[in-house]
Structure formats: C-alpha cells, structure tokens
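Student: Here you go, one structure.
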C-alpha cells in the first residue's frame, strides 16, 4: 500500500512537473532564413508586401481606423478580436523588434512570447520570405502612424482562453519554416505558388480544417489544400479538384476576377470581396498572372474542362437565337403557367438579370449555371444572397460597386427555399439536398453582405 | 407633375391598340392584400364630398363599360387619395418658393402657389358649386351625360393648361390665355386641375398595385403588360400572346 502510494505520488509529481514544463518552458522563435540577393529595399517594398499578405481585411474593424484592429473573428470556439497592428506603443505593436515581429508572423508568438490564436494565419505565413517580412515590418513600424485603440478582450470559454494550450496545437499544425522553392523565381508557376501558399494565405479559407482546426495541407502537393472550406457558415469554394469553382476558367479570367471583382462567369461577394478590395486588386500584372497560372494549373482546372461543360456563347442576342440548351432553359423560356413553382419564382424574380439560360451577362450579372455559391455544400450563402442581395467590391479598375437587391420583402421563407432548391439543380447544377424554409427563417434577420 | 405634355395621349385610344386578351387568373397572392371594398374605404385626404367627386370623375375618364376594367374596379380613387395625402399632394418635390405667376402662359410650367392637394380641394369645391348652379346638383349626382359635359368643358376651358391647338403657336412668347377666366369659376391657381385629374387617373390605373390603384393588376392584365417581371427577352418579336400574367413589385401574381 505504502509502495503504491509512493508510486502514485511520484506519478502525480512527474505529471505536474511535465505540465509546468509544458506551460512555462520558454518558447523559441524560428531563426531567419536566407535573404534573397536581389531583394528590394524594405522601404520600397513594405506597402506591397502588406497588400500581398492582406493584413487589412482582418486588422481593420468595420468603420475603424486602418490596421487598428478590433474586428471580431468568429471561430468555432468563440469570438477573437484582431489586434491593433499600428505602431502605438501601448495598444499596438510599437517598439516590437524585427525578431519579435517575425515571431508573430511565422511562429505565432507575441512580443512577450505568448501564443497567438491561429485566427492569425501564421501557419500560412511560415513560408514568407525574409524580404516580405522585412517589408511588412518596415511598413507597420515606420510607415504607419500609431493609432491608439484598445481592442476588446477575446470572448472565449475555458479552456480555450488558456493560450499555453496552443503549444500542443502548434506541434500538430505547424508546417516547416521558409518557402521551399523560389519565391522570387521568374517562373510564374513558382512565384504563384509562393503568393498563394504564403502571403496570400488563400488556403486559410479555401482549405478544409479538421476537428482541431488544423488546415488540411499547406502546399499544392497536399491533396486537401484548396479543396474548399467553410467560414462562418459561408462556403469558401474549392479551387481545385472535382468541385473547383474555377474549373474551365482561363488564367486571364482568374486574373480578371482577382483584379476587378468580376469576370464572364462570376462576381465576387461575401468575405472574398474584402480580399479583392484590400489585396488582390493591388497585385502587379505579373503577380496576378502568376497566381492565376498557378491556380489554373492545379488538378481539375484548366480551359479543357470548360469546353466539356459548354462555355457560354457570346452576346445576348446570339444566345437567344440558340436552341434552348437544357431542359431548365426550355421550361423557363416557355413561360408556361404550369411550370414548377421554383422555375416560376426564378422567372418572376431573377430572370431579368440572370436570364433563362442562367448565364447572366459578362462582368455584370454572374452565371448561376455552374456557380459555386449556388451549389455550395452549405446553402447559407445562396439564401443570404437571395434574401439580402450583395455588392461587388469596388476596385480601381472597376469602381462601381454593382449591387444585387435583396428579395426578403418580396419572397416568403417557403418561396426562398423553393427558389434556392430549384437553382441548386437547374441547368448543369448538381447540388444535393433541398433547402428548407426553416433555414431561410433563421437567416432572415441577419444583415446582408 | 401636371404638365401639358402628359395630356397628349387620348385616354383610351392607345389601350385598344395594344390590348392583349390576357386572362384575369388571380393567383393566391393577389388576394392577399385584404383591401376593404371601395364603398368602405376611408379616405386619407379627401373629404366625403371630394371623394364622391373623384369617384364619379374617374369613372367617366376610364369607364367600366368598355372592353377592359374601369377606374372604379382598379381602385383608381384610392390611388389618388393616397397620393394627395402623401408627398405628391404636399408638393414635397416641387419648388414652391415663388415668385408665382398663375396667369402666365402654360409654356412657363406650373405656376400655382397651391399644392396638388390644395388644387384638388379648391377646384372640386368650385366645380360642385357651378354644377349646382347649372344643373341643380353636385357633380357626383349628375347623370353621366351631364358629367361628360362638365369634364369636356373643363378640358376645353381656355386656361386648362393643355394641349389646345394654339399652344404651339404661343410658344414663341405670345400671351393669350392669361385673362384668368376659366370654366366653372376656376381661378388661374386652379387651372391645372383637369390635367392633374387625368394624369393621376392614368397613373392610378397603370401604377404598381402597391400604390393603391391597378387593383389585382387588372390594368396590366388587360393590356398584356407582364409587370415587374422584366424577364421575357425570348418573347420579343414573337407574334403570339405571352402566356404568363403580370407580377407586381411586391411579388404578387395575377
């Protein structure tokens, strides 16, 4: 008995010591990687690096000062507020050294060594080049004016409010430091890979996450990378594979939507509108094409696939002269009073802009045939778009924030559900499951995008 | 607002030409408005006597015994009452600071210091008084032939701002039409009344039902207008009737 108690006591002590070590063992920051020989000066490069990394989208609150933080980020375990990253010494990052700044970007540590929540995409930023890190540091410490803004405390329940636990999470989640291939390469595919996988942190939303919130892959060689994710109920569509939202698009079309918010197929909306507004529209033509060529080169994409699905023919008149291509189009074009209710609702509410073939109009009215938001696994985005409408991002190339009106006043919950269910299998669409009126009722009170 | 050019279309001429025999198949939602019958309607702006006048006058402007629905079935008087009670009646969107020169030539546009609601009120009072003098009854109680005589006189009155043939000749700056004497004792401040009444009757007939008139979209169904659907590009140029009834701004069908 005595021996047993002794052993038990020893185990408890070992356990406590292990836990204390786990909590209090000093964190270490990754060492700098090699600086490229032809690197631009940080002072020249800083603002562009900030655009590449899209810091503004999260670190600027709605209506708040740029980069002064306070934007609520909904996570599965609670609300996290983005940090003030202006150089204010008390409420921002004033006084941080380059090493501390790099630690936040690639190790997820603040200047005192506390773990940052992975709402900050440091797992993606781990691939950043020293050039981009130095540029970012210069921009946020030297270029930016300090803004005093105390951001709200995170709203997280125990145990998720215990930052030391993130050490274990990082053991599981963190990829290697540094970018494998040439970030400054002249090869557009390599440069595109760096921009997408590194600073662009596209995978943070467009990749699935497991139950531990770990992103499924960080590079194109990981099968799950960019196969689509869900953020706050909205689907961030797959950018590769069977369900790729950009299947059949040319690199020019991908570049166009990232640069202007619209192309012949689709219109940017929701969270992605912030990305276009704050980040991708500022990319140089070369970088935009690099990103686009990298993306269309991923499996499931490329112009060939588009031909199989039948790309839209040119103008409205030309399309209307064509024989109706699909059953859906024939039903809609018939204007038969006996048509199914979903089709009738489409004709009465949507057809004026999106037309009976669901192809809309290039760069103005997005295609619903083949649309990723219409066919998304979660119909949240589709329901929200019908109820509350949406606005295109305003970009320098295309400043007008063209708006789709909401139909909340015009359609009942049942009608929205019937219409959404119709859209999900209309034309070539193949989403599974019908939309229920209850799901519409839940979203009716929410604000539109 | 009341402008002479609005009167250039004869009131029923264009209707017959474009009429498409569209069945008045009421959808479930078209009934949903639960509007009280016209006889039980309580006007927002018009007094009982004014309401009776507007009911009677609109019923002559778009009568119910023609091929399509009349102003009464489509609740045009409700539209007019609601408009007079609102921004239109109160001239909310008009410049109303003067200077006013009510007897100025019609080419100088509306010159009355009165709001449209005040014009209705003042004109109806005078016309009813004149009708009582002439026929022994207010306008609403006259028989249809007498009512048509009154309306014709109003339309042709020397100063009822309008499409009188000599208007074009006056455009160069001539100044007849300024003697201030109008039919039924309407002062120059009230001379726009008839053009307003005709314009508002047409508007009430064809506007979206959300404004109180065009009940059940009957006027749209009558002329074959598909309403706020705006989605019939495939049918442009086809020599056949469009099969679907109209849809309103609020999504109702008829």
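Glycine is no exception: its Cβ is also placed from the backbone N, Cα and C atoms.
Pulled these features from TrEMBL for this protein:
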type    : residues            : note
DOMAIN  : A:41-144            : domain 'Cytochrome c'
BINDING : A:55, A:58, A:59    : heme c 1 binding site
DOMAIN  : A:187-299           : domain 'Cytochrome c'
BINDING : A:202, A:205, A:206 : heme c 2 binding site
DOMAIN  : A:337-427           : domain 'Cytochrome c'
BINDING : A:350, A:353, A:354 : heme c 3 binding site
Student: Determine how many residues of the domain 'Cytochrome c' (A:41-144) DSSP places in helix, in strand and in coil.
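Tutor: Tallied per class, the domain 'Cytochrome c' (A:41-144) gives 45 helix, 12 strand, 47 coil.
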Student: Excluding A:55, A:58, A:59, please set out which residues of the same chain place their CB within 8 Å of the center of the CB atoms of the heme c 1 site, keeping sequence order.
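Tutor: The answer, listed by sequence position, is A:54, A:56, A:57, A:60, A:67, A:69, A:71, A:82, A:85.
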Student: As a test of reading the model: what is the averaged pLDDT for the domain 'Cytochrome c' (A:187-299)?
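Tutor: Computed over the domain 'Cytochrome c' (A:187-299), the mean pLDDT is 91 on the 0 to 100 scale.
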Student: Looking only at C-alpha atoms, tell me how far residue A:59 (heme c 1 binding site) is from residue A:205 (heme c 2 binding site), rounded to the nearest Å.
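Tutor: Computed Cα spacing between residue A:59 (heme c 1 binding site) and residue A:205 (heme c 2 binding site) is 16 Å.
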Student: Hey, what's the Cβ neighbour count for residue A:350 (heme c 3 binding site) at 10 Å?
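Tutor: Total other Cβ atoms inside 10 Å, all chains included: 23.
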Student: Near the Cβ of residue A:205 (heme c 2 binding site), how many other Cβ atoms are there if near means within 10 Å?
Tutor: 21
Student: Enumerate same-chain residues with a sequence separation of six or more from residue A:202 (heme c 2 binding site) and a Cβ-Cβ distance below 8 A; give 'none' if the list is empty.
Tutor: A:196, A:226, A:239
Student: What is the number of residues in the domain 'Cytochrome c' (A:337-427) that are helix, strand and coil, as DSSP sees it?
Tutor: 39 helix, 6 strand, 46 coil
Student: Measuring CA to CA, name the entry from the binding-site residues A:205, A:206, A:353, A:354 that ends up nearest residue A:55 (heme c 1 binding site).
Tutor: A:205
Student: Using the CB centroid of A:202, A:205, A:206 as the heme c 2 site centre, which other residues of the same chain sit with their CB within 8 A?
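Tutor: What remains near the Cβ centre is A:201, A:203, A:204, A:207, A:226, A:229, A:236, A:239.
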Student: Measuring Cα to Cα, tell me the gap between residue A:350 (heme c 3 binding site) and residue A:205 (heme c 2 binding site) in whole angstrom.
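Tutor: Rounded to a whole number, the Cα-Cα distance is 29 Å.
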Student: At the Cα level, what's the spacing in Å between residue A:58 (heme c 1 binding site) and residue A:205 (heme c 2 binding site), rounded?
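Tutor: Computed Cα spacing between residue A:58 (heme c 1 binding site) and residue A:205 (heme c 2 binding site) is 13 Å.
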Student: Distance between residue A:205 (heme c 2 binding site) and residue A:354 (heme c 3 binding site) at the Cα atoms, whole Å?
Tutor: 28
Student: What are the DSSP helix/strand/coil residue counts across the domain 'Cytochrome c' (A:187-299)?
Tutor: 47 helix, 10 strand, 56 coil
